[in-house]
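Feature list (source: TrEMBL):
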type     : residues  : note
COMPBIAS : B:34-44   : compositional bias 'Polar residues'
DOMAIN   : B:448-557 : domain 'TMC'
REGION   : B:34-59   : region 'Disordered'
TRANSMEM : B:134-156 : transmembrane segment
TRANSMEM : B:188-210 : transmembrane segment
TRANSMEM : B:230-249 : transmembrane segment
TRANSMEM : B:320-344 : transmembrane segment
TRANSMEM : B:399-422 : transmembrane segment
TRANSMEM : B:514-539 : transmembrane segment
TRANSMEM : B:560-584 : transmembrane segment
TRANSMEM : B:619-645 : transmembrane segment
């Protein structure tokens with residue numbers, strides 16, 4: 001199963017509507033944007049995989065500091081190279097959509113922030129995360145002193161079982177109290 | 001290492017009974033990282049109690065790739081649950097209902113006002129600025145909808161029944177009180193029309209715009225009767241109630257968020273780091289801005305922590321000095337605000353005394369109260385900011401204190417204006433004063449005092465809009481041009497304009513309060529205000545994109561919505577006090593308006609009451625009697641106590657669960673240590 005040549009069939013469209021949080025217009029728009037990334041001969045093949053470099057040319061992702069992590073997390077490729085099929089792309093859009101649930105958002109956010117893919121957020125992950133948030137250049141980084149204070153504050157607030165890392169359930173617990181996520 | 005099981009296809013990451021133990025052991029690490037364990041054997045009916053839309057919701061919120069979700073769906077469809085025909089009918093109904101809801105939501109989304117603009121603003125300037133524009137949109141819609149109420153019940157019947165109808169009360173009264181001549185005599189110079197447009201006098205005074213034009217008539221037919229004064233009164237009261245309901249409904253969601261998240265101080269750093277990024281940011285510039293923003297917030301919070309530690313380490317002598325300094329500064333700020341109030345009061349008196357002047361000078365005198373209020377609202381907060389530097393509160397406290405002072409200044413200055421007007425209209429409430437003796441209001445100066453009050457509110461509204469446009473054209477655009485093209489140190493220090501959200505929101509609240517105060521006396525004012533806010537939206541959008549750089553100190557967007565609505569509620573309260581006082585205490589003018597010969601505006605209700613049928617009268621008497629209201633009051637007390645008890649129980653159980661979570665973690669550590677010890681012993 002995969003995308004047909006230039007248009008989505010009705011059954012496929014309703015299936016995508018059922019399996020994601022996107023509306024019909026959003027899915028059609030996503031399909032249009034995705035096919036723009038394909039070359040001419042790729043358009044005829046079903047289920048093409050677009051390499052990460054091309055995905056990162058999308059204006060919405062181009063300047064996002066987490067762009068590489070996002071592609072790696074949503075990619076289902078066996079080589080873990082961040083390439084996306086159309087269905088991976090829809091999964092990406094669905095997780096970021098406004099109607100997505102807290103569980104989905106927190107699950108994927110955790111995976112995006114887990115830079116070393118070990119299932120927990122330890123000090124190294126947190127440091128990389130803060131650097132992404134504040135910018136990579138020298139004048140926008142926090143000083144090492146501030147970084148240390150910040151990471152110890154974060155661990156004190158979120159690490160409930162005091163094992164030095166934040167696991168998925170602790171992360172979800174912190175997120176659920178954020179005003180942006182309480183519906 | 002983990003690549004081999006991945007290559008097998010879709011089914012390998014789940015504890016499927018067909019997999020060998022070896023595969024499961026190798027892939028278990030992979031599956032724990034990436035995909036949650038999914039129970040293939042659960043039926044849809046078990047998932048949650050009702051289970052109607054359960055399966056569909058579950059599919060969407062399973063964090064799996066699409067191909068796996070499809071496989072799950074196939075499995076679920078194969079497991080046909082054994083349900084009764086009633087159950088399956090219910091399930092079908094709820095499915096079609098869901099589809100209908102989605103379709104209507106997509107349809108309504110088409111009608112949402114300015115949604116693209118708001119998204120663009122949010123992406124480029126962040127949630128705080130976007131919340132200002134969302135608030136503005138809410139006020140526009142509120143004004144339009146509430147105006148449609150007024151139009152339907154007061155304006156259109158007045159237009160239709162202009163010449164028909166009779167008065168419900170005898171037209172008697174002292175001759176002198178009934179004089180009212182709003183139309184100017186003789187030839188009018190052309191520019192007077194323009195002045196009249198700005199001040200609501202002349203040709204605009206005797207029109208549907210103001211209270212004085214509406215008739216004191218009641219239309220009665222065989223099957224149809226319409227009492228215009230009663231309609232006017234009830235529409236005004238219902239307008240206030242409707243606005244209150246809208247505000248409270250909107251506050252409901254914001255309040256739920258504020259209560260659910262508890263104290264915002266706890267979990268601050270984790271919150272910023274884990275939820276701070278806005279994935280809607282578009283472009284390099286917006287991203288860099290957001291990064292700078294987050295950097296600033298983190299620095300500010302860390303700095304605040306350091307300041308708190310320092311403050312806790314102060315000696316007693318230093319503490320006493322700091323507190324006495326703060327008390328002194330508080331009184332200084334209060335003194336400044338009271339000076340502003342005195343200025344407004346004097347300006348209003350002066351303006352009312354000199355209301356006969358003609359020409360440009362007359363216009364300036366008419367607008368004097370508005371000018372003084374605007375100047376005060378601009379100068380006093382600047383001075384208070386300087387005072388705040390000396391007070392040395394923590395940054396978050398400083399912002400809140402500044403906002404509270406600004407709110408107090410704005411709303412009470414409007415109150416001072418109204419109080420001064422009241423003093424002149426009712427001769428300071430003293431009915432034995434020579435001027436007020438005859439008609440219980442000052443009929444020499446105010447032949448139709450309601451129209452005059454309406455005119456003051458109209459002038460305030462217009463002046464607010466004119467000032468905003470003037471500042472935009474004369475201050476903000478030139479400032480940007482100077483800063484961009486003149487590279488000197490002074491220009492760089494001044495910098496580009498910052499879009500400061502709190503003061504802009506206070507401007508909106510002030511404008512809306514003026515409209516609410518004036519709605520009783522100037523029924524078209526909500527429509528004028530809606531148009532004014534639409535113009536303001538586009539002006540502010542233009543200035544935002546062309547002249548402003550985003551503020552580093554952002555306002556938290558979700559708690560700020562709640563704060564804006566609370567402040568709006570204060571404004572509503574002030575307007576309600578004014579309305580109730582005007583309805584109940586002051587005698588309406590005898591020369592104009594729908595309440596011409598009633599002792600108070602409210603007294604039309606008892607008069608019309610007696611014309612109702614017997615059963616309706618008895619029913620209304622019963623509702624108002626003690627036999628009904630005391631049990632109702634007791635019942636609502638009981639319901640409130642129930643909800644308070646429920647809320648406290650939930651709070652306690654949350655705290656208990658948190659403590660349990662900590663204990664679980666410690667148990668886990670203990671067991672791990674035990675395992676290590678045992679394995680060492682082996």
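The backbone N, Cα and C atoms fix where each Cβ goes, and this holds for glycine too.
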Averaged pLDDT score, the domain 'TMC' (B:448-557):
84
Same-chain residues at least 6 beyond the ends of the transmembrane segment (B:619-645) whose Cβ lies under 8 Å from its Cβ atoms:
609, 612
Taking contact to mean three or more C-beta pairs under 8 angstroms, with sequence separation of 6 or more, is the transmembrane segment (B:230-249) in contact with the transmembrane segment (B:399-422)?
no
At a C-beta cut-off of under 8 Å, are there same-chain residues at least 6 beyond the transmembrane segment (B:188-210) that contact it? List them, or none.
155, 158-159, 182, 359-360, 362-363, 366-367, 450-451, 454-455, 458-459, 462, 521-524
State the non-local partners of the transmembrane segment (B:399-422) in its own chain: residues 6+ outside its ends, Cβ under 8 Å from one of its Cβ atoms.
333, 337, 340-341, 344-345, 348-349, 352, 369, 373, 376-377, 380-381, 384-385, 388, 391, 393, 429, 452-453, 456, 502-503, 506, 509-510, 513-514, 517, 553, 563, 567, 570-571, 574, 578, 586
Intrachain residues whose Cβ lies under 8 Å of the transmembrane segment (B:514-539), provided they are six or more past its termini:
114, 133, 136-137, 139-140, 143-144, 146-147, 150-151, 154-155, 208-211, 214, 232, 236, 239-240, 243, 414, 418, 450-451, 453-458, 460-461, 464-465, 468-469, 472, 508, 571-572, 574-576, 578-579, 582-583
